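The block underneath contains the structure these notes are about, expressed in structure tokens.
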């Protein structure tokens, strides 16, 4: 038995040696596997975030693209009222990411809040078809049967509730699931950042071009109410994408600064300046220094200095209000101009929202050209052309676009009126071809290609890394303020010219009523009385 014992001892020693060798090799293998999987994991996360971003923008543009036509034809709104609703929805969708971001930081967990926002977005996009029902193209037993009926007041209540819940859901997706910080841009230089923003907005506008062409035609010509189901399907895609990478996609920012801290620094400095007005302009180099603990404030040196770097961007943000007011003319004022122009092109009625593609084409063309110029003429260490030049040229192009739109409107009113069928409704519009509005769309598209990426670059690059997310929140706040300012201008212009507008609208409604009566008489009473119609005479 001693031989057997010695054999067991030798076998045990061999197993222990093999185990020790495996333990020595396992950490390196694990590190190698980790090094291999980490880039793949980051790539998968970036792709999923981009897919969610595109799906969210798809639903957003799908709701916006024909909202004015839906409000005027279906809900009976006037043109200016539909334009105000459209701009307020866009502005609310820009402001809700800031609100949801604050809720995620202070009150509610990010995972729980993103689930709530996804449900709200799902609810909003699901309620929009309720307002659109009954479908005009559904027939049962060869008779037009209404699935259910809602009064105008009930339709408006459901419509506004759907828009509100959808905008809250949009805010949660943009602020929590796919903020710009989730793309890991901290180590990028100004040239790489500008390239990222150029291609980022290029993809978004390519997505919007697809929406404006496809969804707008479905909503307007094929089955206009059925088009509201497309945002509903798109959000399902986004929910599936989030479910595939649940924990990996939820970005967790650093908690060393917040939007409330920035507002607190500004409020504390203003309060101290008002109380101790004799120190204003004396003893401190900047009025925000009053918020420092050394000068009687409640905030640290780092917090105040970060706020000071952000305050230097306020002139840029202020100009964004005017710029966004001009840009919002595409889904509001320009849309109404197009709707009241002749859309017939060789017997084919163009979708109204498809004219927005004309403003997207310059961006899709300019971005690759600008990228080639920056790559060929400037080295990797140089930042290329100054973003300030792009912003100034873009602002001038936006102002010129609005001026051209004014002249186009004067030119449009000199054309005689013709009848045009939109969403099975006959409207009296100008006989001026809608392609005469092309210059104003092109100029506004050039402005968007130059201004938006450059403003995002400056807002992200010229502030410390710890408050870059806050800087982008401020840019979003001022963009949303520009949307509401545009709605205020529309309401003010209508109030100032209300008598003339009402008289013109009443006259147009009277002409339309006479036209409908004439066609009804030609179809029914005229054949019965033996009177030939115009078509029979010809």
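Backbone N, Cα and C atoms are what each Cβ position is placed from, and that goes for glycine too.
Of the listed segments 15-35, 36-56, 225-245, TrEMBL assigns transmembrane segment to 225-245.
Among the residue ranges 157-177, 178-198, the one that TrEMBL annotates as transmembrane segment is 157-177. When TrEMBL is compared with the stretches 304-325, 326-347, 348-369, the one noted as transmembrane segment is 348-369. Pairs of Cβ atoms less than 8 Å apart link the transmembrane segment (157-177) most often to 84-104, out of 84-104, 348-369, 389-407. Between the transmembrane segment (58-77) and the transmembrane segment (389-407), fewer than three CB pairs separated by 6 or more residues in sequence fall under 8 Å, so the two stretches do not touch. Across 110-136, 199-218, 348-369, 441-464, 470-490, the stretch most heavily in contact with the transmembrane segment (389-407), judged by Cβ pairs under 8 Å, is 441-464.
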